[in-house]
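For 623-632, the entry in Swiss-Prot reads compositional bias 'Basic and acidic residues'. Swiss-Prot lists 276-533 with the feature domain 'GP-PDE'. Per Swiss-Prot, N-linked glycosylation site is recorded for Asn343, Asn349, Asn384, Asn473. According to Swiss-Prot, the feature topological domain 'Cytoplasmic' maps to 1-64, 136-147, 202-240, 564-632, an assignment based on sequence analysis. Taken from Swiss-Prot, the feature topological domain 'Extracellular' covers 86-114, 169-180, 262-542. Here Swiss-Prot flags 65-85, 115-135, 148-168, 181-201, 241-261, 543-563 as transmembrane segment, drawing on sequence analysis.
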Amino acid sequence: MEETQDSSSSKPKNTDENFSLWIEQYFNHKCCITFLTGCYSCQWQYREWEKTELGSCCCSRKEQFFYMCLVIAFILSVLFLFVWVETSNEYNGFDWVVYLGTGCWFFWSILVLSAAGIMVAYTTLLLLLGFLLLWERIELNLHTSHKVFICLVIVLCSFLLAVLSHFWKDKWLIAGLSLQIFAPFVHLSLITVMIIISWPLSICVARLESEVKVRRYRMADYEQEIQERCNVFQRLRALQIAAGLSFLIILLCLYLMPLGIYSPCILKKENLGPKPTLFGHRGAPMLAPENTMMSFEKAVELDVSGLETDIYLSFDSVPFLMHDYDLTRTTNIKEVLPSAAGNHTSNFNWTFLSTLNAGKWFLKHKPFFGMKPLSEADKRRAGNQSIPQLSELLALAKREQKIVIFDLFGPRPGHPLRNTFVRRVVKVILDSKIEQRLIFWLPGFDRDYVRFMAPGFQHVGRLWSIKDLTKHNITIINVDYKRLFYAGLRDYKEAKIYIHVYVINEPWLFSLAWCSSINSVTTDNIELLNQLSRPLFFMTPGFYMFMWLFLDIASAVIIGFVFCYNWIKEIKRERWLEAAASSGLLHSETITDITENNDASQQKPEVAPTSANLAPENMIELQKTEPKTENL
């Protein structure tokens, strides 16, 4: 019985021992080095790597060149990812443009975003692996496949950035706007990053200083190499100054960064204007097929202030709601009349247009990424939608007292209403008996006639000068948000111009509009923007000042402590060196023992010790063994 108990009690011990052995076997320094070299150089066989000396080149010229290429690839990929993430408000428009060129609806914007994220992750991982290998003082040897992929990343990112600069210059404007609102938080985050970086940097700077002093001891025994070693000292000092001074300059720039920051969302609470009212862009296109009565009714249910749409006139003079110049994307014309699918929207009679289905496409191809799933009732309702007339929208707006704003597209040459389409639309509006104040009249053609026939319409201008707006007696502007913030927003506010911007879907952009005292916005994302009770990233000047000074002082104290701690640690190593030198411990046999105890690279006995080899724990072992040698 006792033997049985002993054997049963020994099982957990054996299990623990086996687990410890397993941990030691697979999670040790050798395995770590093998993993790093395997990922970076595809060399998965462990061997004793020859370590480079501090102050010497870490790799060949060729490897230095490709490491610089890696840094360039990282910068380009991060830049492209930043621009693309910040332009998420424009993803639907990008997908629509690609659809016009390819005829295939797909979330191309998300595909590009995924590719950018993969490139950033890939280059970041390679940079991290290279840094860890340099930290271990192992010579870099990037695998050929990585070199090819790095070149592809540089070419692809350069091409995509060039395309953005040529075809979508306004995307850079969005990136600039994002910096306005995110700059205070980027500043605070970067200071935190600098605190993290200070730890390895302080170790590096202190180790370089210690390395210089260690090599000075070596010069006493190798006087013939003094000239050569002086060059090494210069390189070590240069590395030390370059690393420390660069860090200090960047840190000081970050400390002073708030002096150059302008963010509309840093203002006093009493200066924050009311929340901008929302206009449904073609209704509520995230909840129902765009420009259908279901879409506008959904927008009304969400309590929007206005409804935005697009108007064409059929060949038999009926104004109807449609955005595209053809019917292929939002109707089933390819099934009903494939031969005429590419014809212009205004070339059809209303008798034919009224028979088309305008909702099935919405169920097949979601227009927005991340849309909520529809209920079964909404699916059935959406699948039965048709193209609505303008009169139907006006009846809804009249009943619910909602503002109506629209883009009016003129007919093509040969259309019966080629020159009188504005008058036809005005007649339809007046016949609906809707209050004229609820019409935001945007079209600029035949405006004098409109003023005469409907003096109650609220005329809306574009991004005109204050002088032109005053000349035409216009107090409302409808502008692209990307252009407005760079075109003298303050001047329009001082002139008491009502500002309406389009199309804003992202909360951070809506917060920017709110902090800038914009009156109303057109949006696809009504539900999300309705939930905002205050602007995102809003801060009072006093709170930001407190955070700025507090983080600056705290970071300076922490960074100073980190540098002092690692510096003192290296000073202790130097004292052990002096004690060892004065007691005669530093001869060739002792140096060899130190090297072996620290798993250093295999060196000849004549090679001098480095700061890493002269750790206090090694010197303790030496003190135990060395006196015997001296007595002999």
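Every residue, even glycine, has its Cβ placed from backbone N, Cα and C.
Shown here: features listed in Swiss-Prot, placed on the structure.
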| residue | record | DSSP (3 states) |
| --- | --- | --- |
| Asn343 | N-linked glycosylation site | coil |
| Asn349 | N-linked glycosylation site | coil |
| Asn384 | N-linked glycosylation site | coil |
| Asn473 | N-linked glycosylation site | coil |
**Q.** Cβ neighbour count (within 10 Å, all chains shown) around Asn349 (N-linked glycosylation site)
**A.** 12
Q: Please figure out which one of 65-85, 115-135, 181-201, 241-261, 543-563 racks up the most CB pairs under 8 Å against the transmembrane segment (148-168).
A: 65-85
Q.
I'd like the Cβ neighbour count for Asn384 (N-linked glycosylation site), meaning other Cβ atoms within 10 Å of its Cβ, all protein chains included.
A. 13
(Q) Below 8 Å between Cβ atoms, which of the listed ranges 115-135, 181-201, 241-261, 543-563 makes the most pairs with the transmembrane segment (65-85)? (A) 115-135
Q) Judged by the number of other CB atoms within 10 angstroms, which among Asn343, Asn473 is the least packed of the glycosylation sites? A) Asn473
**Q.** Separation of alpha carbons, Asn343 (N-linked glycosylation site) and Asn349 (N-linked glycosylation site) (Å)
**A.** 12
**Q.** Confidence summary (mean pLDDT) of the domain 'GP-PDE' (276-533)
**A.** 93
Q) Rounded to a whole number, how many Å is the Cα of Asn473 (N-linked glycosylation site) away from the Cα of Asn343 (N-linked glycosylation site)? A) 39
Q) Reported as an integer number of Å, what is the Cα distance between Asn384 (N-linked glycosylation site) and Asn343 (N-linked glycosylation site)? A) 23
Q: Over the span of the topological domain 'Extracellular' (169-180), count residues by DSSP class, listing helix, strand and coil in order.
A: 11 helix, 0 strand, 1 coil
**Q.** seg_contact(the transmembrane segment (543-563), the transmembrane segment (181-201)) with at least 3 CB pairs under 8 angstroms, min sep 6
**A.** yes
Q: Provide the three-state DSSP residue tally for the topological domain 'Extracellular' (86-114): helix first, then strand, then coil.
A: 23 helix, 0 strand, 6 coil
Q. Taking residues 6+ outside the topological domain 'Extracellular' (169-180), which of them lie with a CB under 8 Å of any CB in it?
A. 82-83, 86-87, 89-90, 186, 262-264, 480-483, 485-486, 508-509, 512
Q: May I have the DSSP-based helix, strand and coil counts for the residues of the topological domain 'Cytoplasmic' (136-147)?
A: 4 helix, 1 strand, 7 coil
